[in-house]
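S.K.: Pasting a structure here, questions to come.
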């Protein structure tokens, strides 16, 4: 049975998600939308926005992978250190 996440943690995670979403939306909008003379979204604005989002997602994925690799290395180092400390001399 999966453990339930406390409501306060769920709220915190949701607030973090909204903050990230808002920052990404603002960044891509400011980078991609330059002309307000029409109600229509121009093809180049759509393309720019898609590239902006893809770049952000790739960056986030890469950071997550590096973070995971770092933690694996730290755990291995701790395990090796614990193994050395546990051995008689």
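Glycine is no exception: its Cβ is also placed from the backbone N, Cα and C atoms.
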S.K.: Name the residue range among 3-27, 28-52 that Swiss-Prot annotates as motif 'Twin CX3C motif'.
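M.R.: From Swiss-Prot, the annotated motif 'Twin CX3C motif' range turns out to be 28-52.
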S.K.: So what's near the motif 'Twin CX3C motif' (28-52) in sequence-distant terms, Cβ-Cβ under 8 Å and 6+ beyond its ends?
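M.R.: Cβ under 8 Å, 6 or more out: none.
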S.K.: Sort the residues of the motif 'Twin CX3C motif' (28-52) into helix, strand and coil with DSSP and give the three counts.
M.R.: 15 helix, 0 strand, 10 coil
